[in-house]
Amino acid sequence: MRSGTQPLLGLLLLLSLQGSPLTEACSCAMTHPQDAFCSADIVIRAKVVGKKLLRDGHFGTMRYTVKQMKMYKGFEKVQHVQHIYTDASEGLCGVKFDINKYQYLITGRVYDGKVYTGLCNFNERWERLSLAQKKGINHRYQLGCNCRIKPCHNLPCFVTSKNECLWTDMLSHFGYPGYQSRHYACIQQKEGYCSWYRGMTSRDKTAINATDP
């Protein structure tokens, strides 16, 4: 009797799944902008000027047409970015851009010559970036790509290697993105040591140790 009911139960389960809508969910770990920069294939500043829904996959793919203002990373992979691809569903980590409104910082990966991005990539309106983040994107983040930014979710936290910077934004009541995300870069210093670097003005350039702030 049992051997006869198992295939039937499996068939009913399959039919119920096919008849029900897919559950949408997108979950991303918090990432410091420097890590997002270093792990991306492409980093550009661009204005989104158009979009088209491509009917592929369950929800489709959204193709955004962009006017590239500047490329910060990825010259060896794509000479000039004209289109950005993302999942059409936000539940599957698709990102939505406003058309003909803002300049965006866009980061992504390259597959078969196409640039893909999503909610788990670092995409932000350019005007919302801090001055330190803009300087980081221009050159400072690149100096720290051999460093490791170590998240601290609960105290006590310690660095365990000379190339680590302790990231404590998650402990702040201000939430994410926090002060370190907006104002600091983890830069490699002499002898391979990494430390937080804050560069604001000529009077306020300070290198601090790996546990500060």
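Glycine is no exception: its Cβ is also placed from the backbone N, Cα and C atoms.
Feature annotations, reproduced from TrEMBL:
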SIGNAL    1-25  signal peptide
DOMAIN    26-145  domain 'NTR'
DISULFID  Cys26-Cys93  disulfide bond
BINDING   Cys26  Zn(2+) binding site
DISULFID  Cys28-Cys120  disulfide bond
DISULFID  Cys38-Cys145  disulfide bond
DISULFID  Cys147-Cys194  disulfide bond
DISULFID  Cys152-Cys157  disulfide bond
DISULFID  Cys165-Cys186  disulfide bond
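Feature map: TrEMBL annotations on the structure.
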{"residue": "Cys26", "record": "disulfide bond", "Cβ contacts under 8 Å, 6 or more apart": "Glu90, Gly91, Leu92, Cys93, Gly118, Leu119, Cys120"}
{"residue": "Cys28", "record": "disulfide bond", "Cβ contacts under 8 Å, 6 or more apart": "Cys93, Leu119, Cys120"}
{"residue": "Cys145", "record": "disulfide bond", "Cβ contacts under 8 Å, 6 or more apart": "Gln34, Phe37, Cys38"}
{"residue": "Cys147", "record": "disulfide bond", "Cβ contacts under 8 Å, 6 or more apart": "Asn163, Glu164, Cys165, Cys186, Ile187, Gln188, Cys194"}
{"residue": "Cys152", "record": "disulfide bond", "Cβ contacts under 8 Å, 6 or more apart": "Leu166, Trp167, Thr168, Met170, Leu171"}
{"residue": "Cys157", "record": "disulfide bond", "Cβ contacts under 8 Å, 6 or more apart": "Lys150, Leu166, Thr168"}
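Neighbour counts were taken at the CB atom with a 10 A radius for the disulfide-bonded residues Cys38, Cys93, Cys165, Cys194; the maximum falls on Cys165.
It is Cys186 that, of the disulfide-bonded residues Cys120, Cys186, has its Cβ surrounded by the most other Cβ atoms within 10 Å. Taken as a whole, the domain 'NTR' (26-145) shows an average pLDDT of 95 in this prediction.
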